[in-house]
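Visitor: My questions will all concern the structure given below.
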Amino acid sequence: MSKDLSAAPELPKEDGRPKWDNKFQYILSCIGFAVGLGNVWRFPYLCQIHGGGAFLIPYFIALLFEGIPLLHLELALGQYLRKGSIGAWNTISAYLGGIGVASWMVSVLISLYYNTVLTWVMWYFINSFQEPLPWSVCPLNENRTGFNEECYESTAVNYFWYRKTLNITPDIAESGRLQWWLILCLAACWAIVYLCTIRGIETTGKAIYVTAIFPYLVLTIFLIQGLTLPGATEGLIYLFTPNLSTLKNPRVWLDAATQIFFSLSLGFGGLIAFASYNPTKNDCEKDAVTVAIVNSMTSLYASIPVFSVLGFKATTAYWDCLDRNIINIINEFDLPEESIMRQNYTSWISFLNSSYPEKIAGLKLKSCDLQEFLDQSVSGTGLAFIVFTQAIILMPGSQAWAILFFIMLFSLGLSSMFGNIEGVFTPLLELQIVPKSAPKELLSGIICLISFLIALCFTLGSGSYWIDIFDRYASSVPLLVIAFFEVIGVVYIYKINRFSKDVEWMTGRKLNLYWQITWRFISPLLLLIVFTAFVTLQLQKPPSYTAWNPKYEGFPMKEEKVYPPWVQAICVLLVALPCMCLPLAALFHLVKQKRRSKDPSLVPSEVFSCQGANINFSHPKE
């Protein structure tokens, strides 16, 4: 058995495997896969709640010791073995084949819900052509005697999101109906994904020029516009002013490590698949550093227009608050118009409070504090579909900004979907699930059709609750487990010295001490710490969710509920299914080995499909 684990894989010979048209196309594809919606709606939020610029310290430490080493490892592995995730790990050792299967399963689960998020983006994009924007005003009630009650008690933006888009149920146990408008958008999104991935990298390589570059253009336009808005400076000061005391909180370090890990799309198998289409003589070390740095710089770059707009929204809300108070004071004290302005409001309030305290108390004026409006932090769909859409309404030419914003989100999501689908498509192609004579278009079509049919459950009234579950459980612990065993598999089973020689042969230079130390010790230790901390935090309280319930006494605040036991069981299943692939695959191979050792007639000439008996493997001459 030990011989099997340490045997060196043969270098795959040049075959009819597709290749990237050029190096730029490959780098763009990796960047497009890594740079996704999280760069726009998660990173700025983490900066906001974790001490502004102070968050960048643990973030870049995590990038240096966790993100870049793991990214290099995956790219080098795929490039050298020229196989997808399942084939690559089976080549190293059949006992590690479960890593590839787990990556494949995670890619499947994430593709299902990720494309549904694009469905919401498409729905908003279609509605952005209306004048006025449909989330800017509340609809009338059935009697047309006033505004819709649910909308009036919350806001037009909330109503359009929760009722007109999701038609959300007040509880996860209530499935609700399938929403026909979401089904049509979902079908359109899967059709677009199919057309772009119809022949693997041969088609995604062309589409990536648009989907990866266009978001940078839109971000730049938003940056220019955002910096001209009133309140933009306050938003940026709030974002980047460092509060170093937050670094004492372990949660800050955990969030930095997990953000780097998930942002780079490590453990999905998509990066291994992309790298497998490279020529073996390629500088994968330089590629890894380039992709990681571009990804992190994109997060920083995206934060500037996002917080310029959020600063504008906070300032506008602050001014509205002041204006309402000013009108109430002028009416109560019968003062001349424009006697109280925003600029002298504070001095007037101080004077009136000291002179007429009872009258001022009777007015029940709202507390207007710009800092409180800036503190209203939100991430994910809340940022994209509620906070940002509300800010867009206030901008001149709101229709055009809405159209640009949702095209940008769709492009970001679509380029990430290419990597997810590649992580599903490449292993299936190599495993020859369909005959070699069958066209690639057929396999792509089957994958997209089955995914569409399963994803229909996300268009139910309870669909958004299930997407939160998939996002929280299918793409968290399993990826940490996969990445940990990837490093252990390469360093301690395939052996780091052999892997170093492989990388040296590909890049033409020896690996420096940084890679040796991070791969051997720092990266696996960091992954273990993050995994332990992540699981510990999850177990501290029962898993819960927030429900939109118009009958809740605290409405329009969302009602916090604990998941029912059957939903908790599904949460555990989403975590366990990919993770169990690792021991099950190893156990399956062990049993097979035992059977072969008992019956010599079952022993083939080569124990592993891609391994040779030559342990003293030497690279072919250049």
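Each residue, glycine too, has its Cβ placed from N, Cα and C.
Where the annotation comes from TrEMBL, it is an automatic prediction and has not been curated.
Reproduced below are the annotations present in TrEMBL:
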type     : residues                                                   : note
BINDING  : Gly32, Ala34, Val35, Asn39, Ser263, Asn295, Leu412, Ser416 : Na(+) binding site
TRANSMEM : 26-43                                                      : transmembrane segment
TRANSMEM : 49-71                                                      : transmembrane segment
TRANSMEM : 92-114                                                     : transmembrane segment
TRANSMEM : 178-196                                                    : transmembrane segment
TRANSMEM : 208-232                                                    : transmembrane segment
TRANSMEM : 252-277                                                    : transmembrane segment
TRANSMEM : 400-421                                                    : transmembrane segment
TRANSMEM : 442-467                                                    : transmembrane segment
TRANSMEM : 473-496                                                    : transmembrane segment
TRANSMEM : 517-539                                                    : transmembrane segment
TRANSMEM : 566-591                                                    : transmembrane segment
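Neighbours and distances for these, please.
Guide: On its own chain, Ala34 (Na(+) binding site) has Ser263, Leu264, Ser265, Val291, Ala292, Val294, Asn295, Gly419 as residues at least 6 apart in sequence with a Cβ closer than 8 Å to its own Cβ.
Below 8 angstroms of C-beta separation, residues 238-247, 249, 251-253, 255-257, 259-261, 263-264, 266, 271, 288-289, 291-292, 296, 300, 377, 483, 486-487, 515, 518-519, 522-523, 526-527, 530 of the same chain, each at least six residues beyond the ends of the transmembrane segment (49-71), sit close to that stretch.
Sequence-distant contacts of the transmembrane segment (442-467), counting only residues of its own chain at least 6 positions beyond either end whose CB sits under 8 Å from a CB of the stretch, comprise 108, 111-113, 115-117, 119, 166-169, 171-179, 182-183, 186-187, 190-191, 193-194, 197-200, 381, 421, 424-425, 428-429, 433-434, 545, 547.
Packing against the transmembrane segment (473-496) from elsewhere in the chain are residues 5-6, 70, 73-74, 77, 89, 92-93, 95-96, 99, 102-103, 105-106, 109-110, 113, 258, 261-262, 266-268, 516, 519-520, 523-524, 527-528, 530-531, 534-535, 571, 574-575, 577-579, 582: each is 6 or more residues past its ends and has a CB under 8 Å from a CB in it.
Residues of the same chain lying 6 or more positions beyond the ends of the transmembrane segment (566-591) and with a Cβ under 8 Å from any Cβ of it are 1, 94-99, 101-103, 105-106, 109, 172-173, 469-470, 472-474, 476-478, 481-482, 485, 542-543.
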Visitor: Counting a contact as 3 or more Cβ pairs under 8 Å, with residues at least 6 apart in sequence, do the transmembrane segment (208-232) and the transmembrane segment (400-421) touch?
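Guide: By the criterion, they touch.
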Visitor: Find the member of 26-43, 92-114, 178-196, 252-277 that has more C-beta pairs under 8 Å to the transmembrane segment (400-421) than any other listed stretch.
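Guide: Stretch with maximum Cβ contacts: 26-43.
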Visitor: Enumerate same-chain residues with a sequence separation of six or more from Ser416 (Na(+) binding site) and a Cβ-Cβ distance below 8 A; give 'none' if the list is empty.
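Guide: Sequence-distant Cβ neighbours: Gly32, Phe33, Val35, Gly36, Leu37, Tyr114, Ser265.
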Visitor: Starting from the Cβ centroid of Gly32, Ala34, Val35, Asn39, Ser263, Asn295, Leu412, Ser416, the recorded Na(+) site, name every other residue in that chain with its Cβ within 8 Å, sequence order please.
Guide: Ile31, Phe33, Gly36, Gly38, Ser265, Thr298, Ser415
Visitor: Run through the Cβ atoms and count how many others sit within 10 Å of the one on Asn295 (Na(+) binding site).
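Guide: Other Cβ atoms within 10 Å of Asn295 (Na(+) binding site): 24.
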Visitor: Would you please pick out, from the binding-site residues Asn39, Ser263, the one with the fewest other Cβ atoms within 10 Å of its Cβ?
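Guide: Among the binding-site residues Asn39, Ser263, the sparsest Cβ neighbourhood within 10 Å belongs to Ser263.
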